[in-house]
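**Student:** Residues annotated as domain 'ABC transmembrane type-1' in TrEMBL: B:85-291. Per TrEMBL, transmembrane segment is recorded for B:20-44, B:91-111, B:117-136, B:174-193, B:226-244, B:272-292.
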Amino acid sequence: MKRLLSTAALLLASTSFAFAEGELQLFNWGDYTNPELLKKFEDETGIKVTLTDYDSNDTALAKVEAGGGGYDLVVPSANYVQIYVTKGLIQELDLSRLPNHANIAPEWMEVPWDPGRHYTVPWQWGSVGMAVNSDAFSGDINTSAIFLDPPEELVGKVNVHPEMNDVLSLALMYVGGEACTEDTEMLKKARDKLLEAKPKWQSMDYGMTTKLATNDVMASSYWNGAVFRARLQNDKVQFGYPKEGFPLWMDSVALLSDATNVDEAYQFLNFIMEPENAALISAFARYANGISGSDPFMPEDMSDAPEILIPQEFKAAGKFLPTCSAKAQEYYTAIWTELLK
Amino acid sequence: MATVKPKPAAKTERSTWLLTAPALVLLTVAATGPLFIMLIYSFLEPGQYGNVVWKFSTKAWFNVILQRDIFDGTLTWADAHLTILWRSVKLAMTTTVFAVLVGFPTAWFIATRTPRMRLFMLFLITIPFWTNLLIRTFAINQIIRNEGVLNSFLLWIGVIDAPIQIIYSDFAVFLGMTYVYLPLMVLPLYAAIDRFDMRLLEAAYDLYANRWQALRRVVLPIVKPGLIAGSILVFIPALGAYVTPRILGGGRNMMIGNFIDLQFGQGRNWPLGAALSVILLIFVTSMLILYVRFVNRSTDNG
């Protein structure tokens, strides 16, 4: 027993020596961080990265706000960045410590949620659109009608991903409104449309990468990268961009105000803006990254993927979701509750 | 017991209190503490981006029962909340009934085997506890989905020529819930049946009882405490269950658990979530009180 204890103590001591070079606590979405990226970072810098998962912006915000998590970096979506800034939860970046900051692609530099990128650096961005199995339906898939007015072939076979903001925004754009609107006429139209469509849905679930690939679900509203991953396993899965309007999103990395490993965090932020490393991020979750010069390092099948390159004709329909006002959020929740009751 | 030398009453009592102090402190701080926080939160105002604002308000409680229509401002019953709560209660009751129907024969079968066999079978019953609830639910999902084990098998032997839609149906939810909570029914039932004196059954037959009468008039009254305990153990977690209905039912309709989750997440209305949790708690507590009353009464009688 005694020997066991001393061995354990020795083991503990040796591991903590290995970590002595520094550590970093990354708080990021689940199934979103390439392990190879973390390994490469660890090999280059000796900094050990601990990854903690979350499943929604609200969970992340609540945990960060509660404090005591010991996280250094968090990856909020565009419409949450200003909430973090307003609440003082993330700190302004010292850009002189981030030489690779210049690698941020120009179109991702002057973004409305963080003009000039003083708080966040790009992680990945993508869109919400329609995944459709071409065996089940061969008509026009570039429309939200896929789930809001399902064609006969898809009745009872459509999934809707239960992400309140995405679904309500898609519905609002479909009936001619805008995301986060407080216009009750539009909200009413969107609600009626959703209530009318719901009996034609099969399910409201996540995990569509697998379900689309295995033909368990024939159509779904979903995120582009996940649909891309489904297509790699099942080439019948197509991705459509709703012409009535579809949400764009970007998740960016921010440095928390109560971060303890600030130096390590700066090293990591600079590291991920290196084109080669940004490409590693994309290679895993299959979304674009927002760093210029990363294309040559991307996996070959991504350079011409229709899920990643938005066709010119649909580009204008893609809209970044704003941060909804409390009033709009109340409308959203009320409609969502009525939809799922 | 009679041989134990009685100690002075006061001293025994004091040492008993001292000995239970750690447990009492833990229970007060770790179990009731969070409940109090929940109660307090239900009387506050929601913050704009989640969390709460420290300002007294009864709005959350008001909203549990009544709602102002978002479009025309009229005050109506919050029928969405009642619908969701009723759905959860209904699901919990159905699950309990299914668990009894499947669990009773199972427990009876186990209790009437040889001692060695009994141990082995009880061990089998506890195996599902080795893995996480989520994994078990996904395993069921894997069996009943359209291209899953069951449908592939039926297609292969030629019984059907297109997959049967089992997943995302009410049946799938009942199946999953019954499977998940079955051990909680079988174990207390087994304990009760194990103590049952089989000679009573022989006596019943000798007195010209048929099988049904023997079950109803002799077996059930004696194993009733086990039946009630099992039902409570199944009903309570089933009431708050939301992983299983969501994965197997497709998540088109919320359970009370999902609804509470929504308030703390995307809905950003923590006070309402807290108020709903308190209601759920009251529901469960009243069930438990009923149970305790019932058991006390039946032990008094016999």
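Any Cβ shown, glycine's included, is placed from N, Cα and C.
Help me picture these features in the structure, burial and contacts included.
**Tutor:** If you look at the transmembrane segment (B:174-193), the same-chain residues 6 or more away from its ends with a CB under 8 A from one of its CBs are 91, 94-96, 98-100, 102-104, 106-108, 110-111, 122, 125-126, 128-129, 133, 136-137, 140, 144, 222-227, 229-231, 233-234, 237-238, 241, 244-245, 247-248.
Within the same chain, residues 88-89, 91-93, 95-96, 99-100, 103-104, 107, 133-134, 137, 173, 176-177, 180-181, 184-193, 220, 255-258, 261, 280, 283-284, 287-288, 291, 294-295 sit at least 6 positions outside the transmembrane segment (B:226-244) and bring their C-beta atoms closer than 8 Å to a C-beta of that stretch.
For the transmembrane segment (B:272-292), the residues of the chain that approach it from at least six positions outside its boundaries are 35, 38-39, 41-42, 46, 60-61, 63-64, 81, 85, 89, 228-229, 232, 235-236, 239-240, 256, 259-264, judged by C-beta separation under 8 angstroms.
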